[in-house]
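Notes to accompany the following structure.
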């Protein structure tokens, strides 16, 4: 499978998750679960309440994928738009 075909499969897979996305509200009660074994380190969640495992380059981030936060040195960048016009975002070098 060439890189273009892999990219198309990637977008198709991402669309499946995007359709099942439900945006989370910020309810900062500070009763956070401890994080461990984070491949890309840790970061504060989108509300600034709890430490969470960060995601790495090429991973989905932002509200598209459970409000995932990019690792240090990366930024959550717009990749395109889903069917409902919401932005698809992935972690890229800052």
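Sequential numbering from 1, following the chain as shown.
Just so you know, glycine gets a Cβ as well, placed from its N, Cα and C.
Residues or ranges marked as signal peptide by Swiss-Prot on the basis of sequence analysis: 1-22. The disulfide bond annotation in Swiss-Prot covers 19-47, 26-49, 32-50, 38-53, 61-76, 70-91 and rests on sequence analysis. Taken from Swiss-Prot, the feature domain 'IGFBP N-terminal' applies to 23-94, supported by sequence analysis.
Everything Swiss-Prot records as a feature, shown here on the structure.
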residue: 26; record: disulfide bond; contacts (Cβ under 8 Å, 6+ apart): 46, 47, 49
residue: 32; record: disulfide bond; contacts (Cβ under 8 Å, 6+ apart): 49, 50, 51
residue: 38; record: disulfide bond; contacts (Cβ under 8 Å, 6+ apart): 53, 54
residue: 61; record: disulfide bond; contacts (Cβ under 8 Å, 6+ apart): 55, 68, 69, 70, 76, 89, 90, 91
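In this model, the domain 'IGFBP N-terminal' (23-94) carries an average pLDDT of 88. For the domain 'IGFBP N-terminal' (23-94), the DSSP counts in helix, strand and coil order read 3 helix, 26 strand, 43 coil. The disulfide-bonded residues under consideration are 47, 53, 91. Their Cβ neighbour counts within 10 Å are lowest for 47. Cβ contacts within 10 Å of residue 49 (disulfide bond), excluding its own Cβ and spanning all protein chains shown: 15.
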